[in-house]
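Working notes, structure below.
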Amino acid sequence: MNNNNSARSSRSSTGTDSTCLEEQRFGWLRFRPQWLQCFCTAKWALFWLCWGGALQGLIVNGFVNVNISTIERRFGLRSRQTGLVASGYDLASFVCLVPVTYYGGRKGASKPCFIAIGLLLMGLGSLIFSLPHFLVGSYRATIAEANLCERDGQANQTMEAVELELGESLTWTVWLFFAAQLLHGAGASPLFTLGVTYLDENVSTKMSSVYLGIYYTMAIIGPAIGYVLGGQLLLIYTDFVTVDAADLSLTSDSKVWIGAWWIGFVFAAVVCVLIAIPIFGYPKSLPGAEKLQLAKVSEAHTKKTAQAKAAGAEVGQLPHAVLTLFRNPTFFFLNLAGATEGLVIAGFAAFLPKQIENQFGISPVISALVMGLITVPAGGGGTFLGGYLVKKLNLACGGIIKMCLLATLVATVFTSCFLVTCPNAAFAGVTAAYDDKQMGLPLTLEASCNANCGCSRSNYDPICGANGVMYYSPCFAGCGQEEQQETLKSYSNCSCIDQSAEATNVMCESSCKSLPYFVALCFVLMLFTFLATMPALSATLRCVQDEQRSFALGLQWIKVRLMGTIPAPLIFGALIDESCVLWHESCDAQAGGACLVYDNFYISRYMWLLALVGKLCSVLFFLGAWWFYKPPSEPSNAKKENQSEI
């Protein structure tokens, strides 16, 4: 009898084990062959998640941000409007984080499935982001001529036809961009919450920082690749399929050049689908995850109550879980520090390329390359170095917070990089007088030299005179003749320059040599900013109970978005608009038009003040997190031995 019971028990145990093993196999539905199981490891899971994290950065922080100024010019948008577009990502993340982390973090939920569905949503968002290019007409195809100074009035009829074409309002496209960003935000919400906890659950405590460091490094490298690749795509004319830019005598050096901003989004949509397929194949937990969880030692903040234990055990008690986490002072202050860091990072990610472009008088292509050169070594290296130092120094939770505090203090000093500025380039009627007669008078585009030309402000086609001064258009420069060359146009008989001097439709070269100093200081600022990101994440995971980690990350990201990354582009965009000194006129009075010239002094001071205030707040909040942290009592020797073996 006993033998029969033993046999039945053995068969039952074997059946349960085989079921568990089947659930921990890599594959899709019933297709889980043995040759695919080599991918069912933490290293391969990290590999595919790194691609997902890099894609998120490539699209949202790379392609979107590097194309902000191009999209503003192409569709006549202001920085306030593109700031709304940029904040759409974080708004959707804010809405989706609670349900995603709460339901995705429950026992038995498949985190890889949530992540893969998110990647598909990101791909759909990228397709929608590229739609405005296909829904509007060709850019500048109708204004190859009729922009000269003709004092006999013969050009009036032609100019009126051109103005009708140019005056068409395209500000409705902002809502299409906004909808695409909402999908980007919803799709990315599982990546850095469920993705982080999935890795943390399937590796040892000692290796967790290394894995997460690599994961977040790829998330930083993604935007860097986006800046470089997006910048190179801007060398291609936006309507290259139907229009030859040479026929318009336009080059990428022209102020009115619009690059092929939309190609990157179509490419990213395809890659999102391809990366989602292998992630769909991962099980809820990898083989050996249970043994690792048993060996881990909790470093949670020690002020525990009966409610805390109940909140961890009863998944359905959402209000209790929220209250328990918010009563943890270390978690609370780390959240606030994350919010202020998020405010600074999100604001600069959206508008720093534009600030560099306008401050140092370089093209969007060069600006994108500069951002890429800063972001790859400083952002990626800082993130990886932060995770490595936590492992190398074997830091506990309190030591990690100290490291974040020191890194943020150094970064605060180097916000002074934004005080490195260049004077505004000479722009006739905007930052410089046309001639000595206009000296001391209010600057206007109209002057005696172009008074009878019948020029239109809606036709912005800037040229650079031989005297090194920019002019709004050949007409406003008083140019009477145009000669079309292979890649550019040259103008002569310009009454506002010199009858013998010429002008070309390119930007004047800046005489300011401050860019290398700015790049060096900004590099250090970014290095120490991202040096604290990985340790701050590790501290957040360690200062809460194991059962609450997914939910804690979700709540943290809600705070970061609500108080940091959602308002950041709106605040930065509004202040950048305040520093505009020349707007493009549009028939839509409410929407206005894109800014054509910024005041370099004010735009740099606004950026510096935002960075300095944000960093000082981060220092205070990291100090509060360290001050209130109470480490747990020494773990038992048995647990120590188990942890050292992993």
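The backbone N, Cα and C atoms fix where each Cβ goes, glycine too.
What TrEMBL annotates here:
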- 44-64: transmembrane segment (TRANSMEM)
- 45-633: domain 'Major facilitator superfamily (MFS) profile' (DOMAIN)
- 84-102: transmembrane segment (TRANSMEM)
- 114-135: transmembrane segment (TRANSMEM)
- 174-199: transmembrane segment (TRANSMEM)
- 211-237: transmembrane segment (TRANSMEM)
- 257-282: transmembrane segment (TRANSMEM)
- 331-353: transmembrane segment (TRANSMEM)
- 365-388: transmembrane segment (TRANSMEM)
- 400-421: transmembrane segment (TRANSMEM)
- 443-495: domain 'Kazal-like' (DOMAIN)
- 515-537: transmembrane segment (TRANSMEM)
- 606-629: transmembrane segment (TRANSMEM)
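Between the transmembrane segment (400-421) and the transmembrane segment (606-629), three or more CB pairs separated by 6 or more residues in sequence fall under 8 Å, so the two stretches touch. Ranked by number of Cβ pairs under 8 Å to the transmembrane segment (515-537), the listed stretches 114-135, 331-353, 365-388, 606-629 are led by 365-388. Mapped onto DSSP classes, the domain 'Kazal-like' (443-495) shows 3 helix, 17 strand, 33 coil. A contact links the transmembrane segment (114-135) to the transmembrane segment (44-64), because at least 3 Cβ pairs that are 6 or more residues apart lie under 8 A. Using a Cβ-Cβ cut-off under 8 Å and counting only residues 6 or more beyond its ends in the same chain, the transmembrane segment (44-64) has close neighbours at 38, 85-86, 89, 112, 115, 119, 122, 125-126, 129, 181, 184, 188, 191-192, 195, 198-199, 202, 211, 214-216, 218-227, 229-230, 261, 264-265, 268, 271-272, 275, 278-279, 282, 286, 349-350. Here the transmembrane segment (365-388) has long-range neighbours at 66, 209-210, 212-214, 216-221, 223-225, 227-228, 230-232, 234-235, 252, 259, 352-354, 356-357, 403, 407, 515, 519, 522-524, 526-535, 538, meaning same-chain residues at least 6 beyond its ends whose C-beta is under 8 angstroms from one of its own. Mean model confidence for the domain 'Major facilitator superfamily (MFS) profile' (45-633) is a pLDDT of 80.
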